[in-house]
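Asker: A single structure is presented below for examination.
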Amino acid sequence: MTEPKSYKDTVNLPQTDFSMRANAVQREPEIQQFWTENCIYEQLSQNNPEDLFILHDGPPYANGSLHMGHALNKTLKDIINKYKLLRGHKVRYVPGWDCHGLPIELKVLQSMKSEEREGLTPLKLRRKARDFALKTQQEQAEGFKRYGVWGDWENPYLTLTPEYEAAQIGVFGQMALKGYIYRGLKPVHWSPSSRTALAEAELEYPEGHTSQSIFAAFPIIKSSKDAQEILDPFLSNLGVAIWTTTPWTLPGNLAVALNPELTYAIVEQTSNLCNYQYIIVAADLVERLSATFSTELTVKATLPGQILEHTIYRHPLYDRESEIVIGGDYVTTESGTGLVHTAPGHGQEDYIVGQRYGLQVLSPVDDAGNFTEEAGQFSGLNVLKDANQAIINELKNKGSLLKEEPYLHKYPYDWRTKKPTIFRATEQWFASVEGFREAALEAIKSVNWIPPQGENRITPMVSDRSDWCISRQRSWGVPIPVFYNEETNEPLLTEETINHVQAIIAKQGSDAWWELSIEELLPEQYKKDAHKYRRGTDTMDVWFDSGSSWAAVAKQREELKYPVDIYLEGSDQHRGWFQSSLLTSVAVNGIAPYKTVLTHGFVLDEKGHKMSKSLGNIVDPLVIINGGKNQKQEPPYGADVLRLWVSSVDYSSDVPIGQTILKQLSDVYRKIRNTARFLLGNLHDFDPEKDTVSYDQLPELDQYMLHRITEVFTEVTDAFEKFQFFRFFQTVQNFCVVDLSNFYLDIAKDRLYISDTNSLRRRSCQTVLKVAVESLAKAIAPVLCHMAEDIWQFLPYKTPYQSVFASGWVEMQKQWERPELTASWGKLRQIRTEVNKVLEQARNEKAIGSSLDAKVLLYVSDQDFKKQLESFNPNDSLKGNQVDELRYLVLASQVELVDSLEAIKKADYQSESELVSVGVVKAEGQKCDRCWNYSTKVGEFSDDPTICERCNAALVGEF
């Protein structure tokens, strides 16, 4: 007896060197090396045919390691840039760094021994700060590159370079010459712990701050003319009640403000609450205050607020008299007494009211937060420590204290030192927003805000904001280029002085301000008077630094443009960089520096908690990429999985990350990779020039698949155009799993493996696989850039493009659009799903192993549908196009369309549904040794007695 033949060498199995495992830790850097060596980004950014596209980088702070917020932000930017490159745009991305300011100064000071700090000059400190910033910038740049981010890494922008600083001085100068810059004694957010003024964006409001709040009464000594008749009967024993959460500001009290629209009451208290039998409060609050003070308050008279204006009271702690004044709509009955203690040196609203009434700006507090001699008996006490209690005790002694109680509220802290700030009037430099507020609000309307609520956030911020305090009392920053007359203290700030300093800084950097003599810093016409001047020691707010980047980078670099296409940062930047950039750009040029602003949320842990060292829930992007110390618990996922996470989340709100999420994403990544590997493996012998099958010759299944490809990649394109990357993620994942792996490729194996190499049946399928693999590589390239390039480099045929990024975006042909196929193939896919359920039932009960062991019976009641199915079920496997057949659709050896439900009911395994009823029985005939299908023809071919008619034909090139 002869040995049965082996047919394994006659089957076309997949062949590819594209690895099933990504091995990202090793492979991704190799791909990045390929991009660098071949200047892929540089070539495309210069040679692409379409318009220039500029996403302008908001500079991260050159301070510390990269965190998940950086990873989210930089990856979002890179996804957009890579998509625009694939669409043929010239994309120039210049990464930037914010290098000045207090946080860096603090890091440097913390690293120094106390004796080192003793002899520290501004220049020594600046050099150390510069070294620290540059070292951090280099480390961060390496991290960003490892994420796969493309950009002009050799030529980033740093806010500490001479050309940047000079452009910033230019912005300041233009604003000064337009009258928008002024010096004033005004209350600003002051950080005693940092000893400098702070901008709104440098504050944070932690939960759980408790202040000691007080109610106090000030003695009324003289009535206003209009209120005389009502007040005089009570005047000998009358107080006006105020409430404050900052008792330390009482030494600065110069007025009490009321709301002219409110009605006020004179109430009597008889329980020795304070020294005054009668007190004035808002009429609406009498009941609430009775409860607060735990004493009966009896209304003796009421009067409109307006007539109390100019009533005079005496300060309970000092020998000075002040007036009751009309405040703004901030005086309400929501809390307090309806009358507001007003200290123009300690509050923005107080200051505005004080200006209206010509009040002094009194702020008896020094840089460290200690009372000065102006505060009298409290001199030397610290306002955030012992001053509050001392003042409360003194009010008690004077019989003015009505009540003290702890008050939990939001209070501004210094974002770096994490310590409370105060409002304190100091001589500062301001940008007067009033001068260009309307223009800024108009500019906001011209911008495309994504998501749209971004506009609703920034509009009230700009419309309500006070003037911008731009001076800082620190050394590490760009100097405010002003000189002061030694005798009069008057500032010298002219076009000539600004231009001269700007030219010096452009050559020598801002150290020159500290290095050169006054004579050298002054222009020619002022040199002879140099001895009369001293240089200013203030530096500019870092938000003015980064807020000038449109001028120092976008406008100044030839390869860029202004306004730019897009700014993209976290939602906290509505009060930070988006706003400072808008204000400077509008002040100087009357336009917004950006056309679109896109914002993202913050990164939280898997439980939705903020990440913090104390909670131990910090996720480190480099650990995601390279793995942690324990690689079982923290495996190395590579940059692409991190990037896939970025594309999977709805970044418009806060986004979670953690090991469970990463594991799920890693599974999705692997599915996409395995799909690509199958496609590549089955194209190993395909030469597109010779083997492509024309569209009209393709079986209907393939035409349907090209239609699906059109639908899928139209959706993906729309997702990228609208920056909705989570739609890309869902669509591509679904396409790879549902359309390809579970459907088309599952059916395709029979065509690809057992047909003759050159058969139409096989080449038509490969024609679709080529479209699928190239479309997939291009579409995932903005996100999974390393995998996309890897796929492209393993294409088994020649292409004219060195890199996937040079190949352009997904191309779809008009003729592939066949919506009518969606309906008919939708039904066929439904039949496949129903059949699979019954096959699974038979498999579970061990009636069959593979689905090829089965014959499937189908019954449909709809006659038209039955006709369609009959055309998909020829009697002879070698007739028709050998693809559009029910047996291949359901992967069974035979399919029979039966005329009645009875036949189905006789089957061993069955199911009924509205569309189709399914029965499964054992397949007829014998199993073919080559394709494992059952056939009644096995044994009919004397040379090959163990194979079926299809395989017999395939071996001679006819199937």
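We number each residue from 1, going along the chain as drawn.
Backbone N, Cα and C atoms are what each Cβ position is placed from, and that goes for glycine too.
Quick paste of what Swiss-Prot says about this protein:
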- 60-70: motif ''HIGH' region' (MOTIF)
- Glu569: L-isoleucyl-5'-AMP binding site (BINDING)
- 610-614: motif ''KMSKS' region' (MOTIF)
- Lys613: ATP binding site (BINDING)
- Cys928, Cys931, Cys948, Cys951: Zn(2+) binding site (BINDING)
Asker: Count the Cβ atoms, other than its own, that fall within 10 Å of the Cβ of Cys928 (Zn(2+) binding site), considering every protein chain shown.
Answerer: 24
Asker: I want the residues beyond Cys928, Cys931, Cys948, Cys951 whose C-beta is within 8 angstroms of the mean position of the Zn(2+) site's C-beta atoms, in chain order.
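Answerer: Everything else in range on the chain: Ile754, Asp929, Arg930, Trp932, Asn933, Ser935, Val938, Ile947, Glu949, Arg950, Asn952.
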Asker: Measuring Cα to Cα, tell me the gap between Cys928 (Zn(2+) binding site) and Glu569 (L-isoleucyl-5'-AMP binding site) in whole angstrom.
Answerer: 62
Asker: Which is it, of Cys931, Cys948, Cys951: the one of these binding-site residues whose Cβ has the most other Cβ atoms within 10 Å?
Answerer: Cys948
Asker: Where's the emptiest Cβ shell within 10 Å among the binding-site residues Glu569, Lys613?
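Answerer: Looking at the binding-site residues Glu569, Lys613, the Cβ with the fewest others within 10 Å is that of Lys613.
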Asker: Could you count the residues of the motif ''KMSKS' region' (610-614) that DSSP puts in helix, in strand and in coil?
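Answerer: DSSP composition of the motif ''KMSKS' region' (610-614): 0 helix, 1 strand, 4 coil.
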Asker: About how far apart, in whole Å, are the alpha carbons (Cα) of Cys951 (Zn(2+) binding site) and Glu569 (L-isoleucyl-5'-AMP binding site)?
Answerer: 61
Asker: Report the mean pLDDT of the predicted model across the motif ''HIGH' region' (60-70), rounded to a whole number.
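Answerer: Over the motif ''HIGH' region' (60-70), the predicted model scores a mean pLDDT of 92.
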Asker: Work out the three-state DSSP category of Cys931 (Zn(2+) binding site).
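Answerer: Its secondary structure by DSSP: coil.
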